[in-house]
């Protein structure tokens, strides 16, 4: 497979994102507002990660196993994505104010491998949080979930708001459907985490998730593992379908750019509904 075909499989070939879908929204007309919303999520998830790690280190004494939980690892992915997308959108918004809607943004000029990594990360951000939320509330939550103020806040932050953040990207941005080739990467990450879980047991003596304990679950462990993998596939397909429908609606409602360059030559660029301002906007 040539480099171009490889990049094309990830929707990362040049010209990359000519319609600027990754930095626009069908319902939020101002890229600056979208950037601010994404950066708010980035700041909140950063705070949640730092605060929860500090709390577990100083109050609970469980910080040694913090990074052994898929919940925390996927939350780090959410944090990283919203920082990346927020910064890209903010950069786009600054140029948008000066030159109009057809301007580009930094990621379009980055090496293809970085664009591929962004698309893979984006695919996990719209699927893993939903999987985490379903597994937690179906299998792991209990009376202790809301036992204290901290446990309540933590459960809501990483097991409920995570899906809210995913739905924000799915429904309220123009981000395109995840390429099919990103699905095997998602399954690979889940398989890799399985290794982390058993390494954690071997080195620290506990299972991060009780359903992975073969001594207690016996043959059910394999069923849980297969079920989670199937769940990821189903979620990926459903999310992809929802995004396709959202794209079709945005096109019919004239809320998405038609074509476009990736540089600053925007004189002939056409937008439908979302247009550059005639004067600077604060």
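A Cβ is built for glycine as well, from the same backbone N, Cα and C atoms used for every other residue.
Remember, TrEMBL labels are computer predictions, not curated facts.
What TrEMBL records for this protein:
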type	residues	note
TRANSMEM	32-54	transmembrane segment
TRANSMEM	66-84	transmembrane segment
TRANSMEM	119-140	transmembrane segment
TRANSMEM	152-173	transmembrane segment
TRANSMEM	180-201	transmembrane segment
TRANSMEM	221-245	transmembrane segment
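The stretch from 66-84, 119-140, 180-201 that makes the most Cβ contacts under 8 Å with the transmembrane segment (152-173) is 119-140. If you look at the transmembrane segment (32-54), the same-chain residues 6 or more away from its ends with a CB under 8 A from one of its CBs are 23-25, 63, 66, 72, 75-76, 78-79, 82-83, 85-87, 89-90, 92-93, 96-97, 154, 157-158, 161, 165, 168, 173, 281.
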